[in-house]
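Working notes, structure below.
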Amino acid sequence: MNQNIEKRLFTSESVSEGHPDKICDQISDAILDEVLKQDKNAKVACEVFATTNYLLIGGQISSTAIVNYEQVARDVLKKNGYVDDAYGINANTCKIDIKIESQSPDIAQGVELSNDQIGAGDQGIMFGYATNESKTYLPLAITIAHELVYNATSQRKKGLFKWARPDMKSQVTIDYTNINNPKIDTILMSIQHDPNYNETEFKKYIKENIMNLVAKEFNLNTDFKVLINPTGRFVIGGPQGDTGLTGRKIIADTYGGYSRHGGGAFSGKDSTKVDRSAAYMCRYVAKNLVAAGLADKIEIQVSYAIGISQPISIFIETFNTHKVDLNTIYKAVYENFDFSVSSMIKTLDLKKPIFFKTSKYGHFGKKDLPWEKLDKIEVLKEYKKCS
């Protein structure tokens, strides 16, 4: 370990859409989207548990929508390749229990306020982050980690990745010793495979056609340390190898540990749940501030009380990278962004059924998501003139 004492190494991980926790996230968000297609004002909190050939769908949904929850779940399993008993869960035959109730009236009375205002669905703290170290304004490690499992899954679905099964994980260590010239130190991938496979050929394919390919996409080095299935064998995976649960990949969903996290998960929750809407809003604000050149890195924390529309607090951290006075950044935020629940929902168009696409490979960095838009850059640049 002493050999790394002079290095500055940071690591993030991601998982594929076939990972058991991500299966649950996808089902939760697929149900949310199906409900929102029929009822944009629905209140949804949907959780999923997955194990060997079994799913439990539970939570609270108050809506006029009529949705076949079981069919939605089976469709998600099919999309991820779970159609074979050998994989531990079969979309066509697995048992599914539904335990859905209505939202508590005690919570409902705090959400629907007068004057078209919406109260926060719960108390809590949320964070959003942006950095200029990548084109997506996300930290490098999590960006590469997502791309690795996305690429591997895409090749598996196209039939190019021999022996690969749906369950995969990636882990990327970035060497920041030279802060202006980061490089990849280590890539770890654990990829489920068929029992009868050629280990040497399998690992060679991963290194040459996934790891090296992704590294080159980011114009980074390919002489990194490589770890592939370190235990030597990964046949039993998916919900059979490890139970899945909605909301258990909150760090991979966000910034890979590079920024703080308030603890609240996203998937399966409608936008009155500030765990989701406020985290998206914080990302939107931070990204626009960084893109406007007010700082190289920005993290925003907000807090809410149940039943109250406006945030209790807003805190901004720039890690000493701000290009203008910190008070100027606060001024820019307060004058241009409204963190009330109803305003966040309107600004980010959060009543639309857009959430399934967030349930895999991160909730941030995808250009077509409304909280990734850069529509405040010009107005924010004006604050550089008055600092």
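Cβ atoms here come from the backbone N, Cα and C positions, even for glycine.
Residues or ranges marked as ATP binding site by Swiss-Prot on the basis of sequence analysis: His19, Asp167, Met168, Lys169, Arg233, Phe234, Asp242, Arg248, Lys249, Ala265, Lys269. Long-range Cβ proximity for Lys249 (ATP binding site), meaning a same-chain Cβ under 8 A and a gap of 6 or more residues, is found for Val15, His19, Asp21, Lys22, Asp25.
Other C-beta atoms found within 10 angstroms of the C-beta of Asp21 (Mg(2+) binding site) number 23, with every protein chain shown included. Positions annotated as Mg(2+) binding site by Swiss-Prot, on the basis of sequence analysis: Asp21.
Other C-beta atoms found within 10 angstroms of the C-beta of Glu47 (K(+) binding site) number 21, with every protein chain shown included. Here Swiss-Prot flags Glu47 as K(+) binding site, drawing on sequence analysis.
In three-state terms derived from DSSP, Lys273 (L-methionine binding site) belongs to neither a helical nor a strand segment and is classed as coil. Per Swiss-Prot, L-methionine binding site is recorded for Gln103, Asp242, Lys273, and the stated evidence type is sequence analysis.
The annotation region 'Flexible loop' is assigned in Swiss-Prot to 103-113 on the grounds of sequence analysis.
Taking the C-alpha positions, the distance from Met168 (ATP binding site) to Glu47 (K(+) binding site) comes to 22 Å.
Around Lys269 (ATP binding site), the same-chain residues six or more apart in sequence whose CB sits under 8 Å from its CB are Leu32, Val44, Ala45, Cys46, Asp275, Arg276, listed in sequence order. Looking only at the binding-site residues Glu47, Gln103, Lys273, the one with its C-alpha closest to Arg233 (ATP binding site) is Glu47.
The binding-site residues shown are Glu47, Gln103, Lys273; of these, the one with its CA atom nearest the CA of Asp242 (ATP binding site) is Glu47.
Per the record's binding annotation for ATP, residues His19, Asp167, Met168, Lys169, Arg233, Phe234, Asp242, Arg248, Lys249, Ala265, Lys269 show a top Cα-Cα distance of 36 Å. Secondary structure at Asp21 (Mg(2+) binding site), as computed by DSSP, is helix.
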